[in-house]
């Protein structure tokens with residue numbers, strides 16, 4: 001091929017390549033952002049759970065004796081007062097036992113009286129024997145009677161004294177028997193009282209467990225007859241709170257809940273107690289939380305299922321952003337673009353233009369080093385390093401310089417101001433720190449902000465890096481121009 005033809009081919013290739021390069025440049029993709037705005041509004045952070053309504057206190061009324069239920073004087077939903085008659089057990093056998101006990105007591109009382117009379121008789125006989133013994137002793141000394149007569153008198157005196165002791169023992173036995181019969185009578189009277197079942201409290205009967213004619217047996221276990229709820233105007237919810245949320249729940253927090261019976265009505269309550277004992281079911285750990293409820297209108301019933309929101313915190317006028325803005329993860333290309341943006345420091349931070357230029361140079365140098373380090377890390381991690389993912393640890397870093405270098409140029413006071421500005425530029429740091437992307441003058445910028453309360457739609461912003469009305473990026477894509 002001639003040199004002339006080769007030259008023509010090369011020129012054609014160059015012209016084609018140039019045309020393709022200019023064509024690609026004119027079709028370079030541009031970033032298109034979907035944004036929302038920072039605004040102010042109400043944020044309410046809640047722990048959602050469910051629970052069951054219960055009476056604050058319930059009393060189970062049982063029977064202490066066995067027998068057939070003769071009459072029932074109260075039914076379901078009956079409002080009762082303390083001392084009201086609820087039911088009566090057949091008392092005929094108890095009355096018979098009571099009469100037998102009364103008769104036995106009367107016999108015992110007569111036996112005691114008889115024993116006391118016998119004692120008086122023996123004491124009188126003993127007194128006589130003492131006088132007789134003295135008389136015979138005098139006669140024996142004078143020789144008017146024999147010694148055997150005197151000795152017999154002494155023996156009879158000793159026997160009379162022993163009979164007094166026996167009479168006293170009989171009185172003690174009779175009195176003990178009397179006490180026994182009195183106890184049997186008291187028990188029979190108590191059993192007769194127990195045949196009448198009275199309400200121990202003021203309240204409402206939730207359950208009636210027995211029917212008239214039914215026989216209850218108190219010998220095996222205490223039979224349950226009624227369940228009474230005290231003061232239905234005050235109720236409580238037993239809510240199961242997940243272990244992930246229980247750390248936020250405290251006594252005194254406000255509660256909002258609904259029940260299926262009144263889906264359009266919202267009730268109020270208050271956390272009264274957080275029980276420390278855990279409940280484990282199917283590897284799920286929950287803690288019982290007691291919520292006190294006002295039921296003045298008696299619209300709530302025991303056993304109702306309640307859908308509970310425990311209010312952890314609320315702000316009526318918080319600076320907030322949609323949660324979608326915090327979930328946004330910028331593409332790698334956009335993050336690299338952010339890192340290449342120079343740090344622009346306000347002139348009021350410096351005494352002179354020379355100071356500003358020196359500090360700007362420090363930050364530019366630090367920024368260049370950070371970008372070099374990031375490129376080296378990306379090169380080592382290879383293509384799989386996350387082209388579609390968020391930034392790595394190095395991508396998150398803002399340019400940093402040594403504090404002592406700033407102090408040497410600016411002095412301590414202005415160094416503090418510059419560092420405060422840089423913290424505000426990053427949006428502050430904290431355990432609730434999050435990254436967010438803003439659109440300022442048409443350019444995307446990443447800020448690190450400190451967040452507060454959060455609900456299903458919004459998150460509170462605690463940092464001063466954002467202002468009300470500022471545009472927040474929630475999605476980004478590239479389009480051909």
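Going from the start of the chain as shown, residues are counted 1 onward.
The backbone N, Cα and C atoms fix where each Cβ goes, and this holds for glycine too.
Between the listed ranges 299-350, 351-402, TrEMBL ties the annotation region 'Disordered' to 351-402.
Of the candidate ranges 66-107, 108-149, 150-191, TrEMBL annotates residues 150-191 with the feature coiled coil. Summarising model confidence by region, the domain 'Multidrug resistance protein MdtA-like barrel-sandwich hybrid' (58-225) averages a pLDDT of 89.
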